[in-house]
Amino acid sequence: MSVTIPAPRSQRIDPKYKRGPKSRGSFEMLAWLFMRLSGVALIVLIFGHLISNLIVGDGINAISFGFVAGKWADPIWQFWDLAMLWLAMLHGTNGVRTIINDYAEKHSTRAWLKGILYVATIFIVVLGTLVIFTFDPCVAGSTLPQC
Amino acid sequence: MSKTSSGTLYRGHEGMWSWVGHRVTGVVIFLYLLVHVLDTALVRVDANAYNAVISTYQTPWMALGETGLVAAILFHAFNGLRLILVDFWKQGTKYQRQMLWGVMILWVVVFAGFAIRHLSLAFGGH
């Protein structure tokens, strides 16, 4: 014999289940898909970055201003680093956004934490992009032969 | 852990610990990424300032930190591929536990190779 228990079973709803109104369409599904696609791309980009900067030649001992200038003289490495910057920052930001949504119960706390996160993300992405596109091998202090 | 949770598929087992590991390594990598973009941005300010900061990355203590960072990156990368297989491969959920062992074996092998190379370069002296 089965017993039918009418819903809702309790008057009290745990605050973690009472979040802001949601009408985000397919955003969360696209974010989920982006994590998988960018993850695969980032494995290629970051492994290539680590091999070229830390494994081959003198590894970390060879890294200097001249090393960076040599890499960014090649448009392929400029594109490589730009793609890595954007994908890693968006992948990481979405990951931290998920963690904030999981652990910050209060609506205002979540809003604040995500606000700080998005400001930091925009700042770092814009800064990194400008550095790659406006790189000057003859910046102050440069001892490269062409300067 | 309470007795009632021991029978669940997830809590306290490989699936949960790989999830914890994925989160922790993800946050560590993200925080390093923020710092790394800032230190690289010095190439746009002053070549000597950039060289001064990069030379701290070449010290033995920082080399240990870099080795730990790469350990985190390798786990996040290989476990991420496992997550993709769990989501998209029909047999993914059935073999998630075996795939985690595959992740750990791959992680040990690749990390050992990296650590030997990187630490011998950093401690070798130049």
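For all residues, glycine too, the Cβ spot is worked out from N, Cα and C.
Bear in mind that TrEMBL entries carry predicted annotations, made automatically and left uncurated.
Sequence annotations record features per position, and here TrEMBL assigns transmembrane segment to B:20-38 (among others). With a cut-off of 8 Å between Cβ atoms, the residues of this chain six or more beyond the transmembrane segment (B:20-38) that come close are 69, 72-73, 75-76, 79-80, 83.
Below 8 angstroms of C-beta separation, residues 21-22, 25-26, 28-29, 32, 103, 106-107, 110-111, 114-115, 118-119, 122-123 of the same chain, each at least six residues beyond the ends of the transmembrane segment (B:58-78), sit close to that stretch. Per TrEMBL, transmembrane segment is recorded for B:58-78 (among others).
The heme binding site annotation in TrEMBL covers B:H76. Around B:H76 (heme binding site), the same-chain residues six or more apart in sequence whose CB sits under 8 Å from its CB are B:H22, B:T25, B:G26, B:I29, listed in sequence order.
Here TrEMBL flags B:99-120 (among others) as transmembrane segment.
Sequence-distant contacts of the transmembrane segment (B:99-120), counting only residues of its own chain at least 6 positions beyond either end whose CB sits under 8 Å from a CB of the stretch, comprise 14-15, 18, 63-64, 66-67, 70-71, 74-75, 78-79, 81-82, 85-86, 92.
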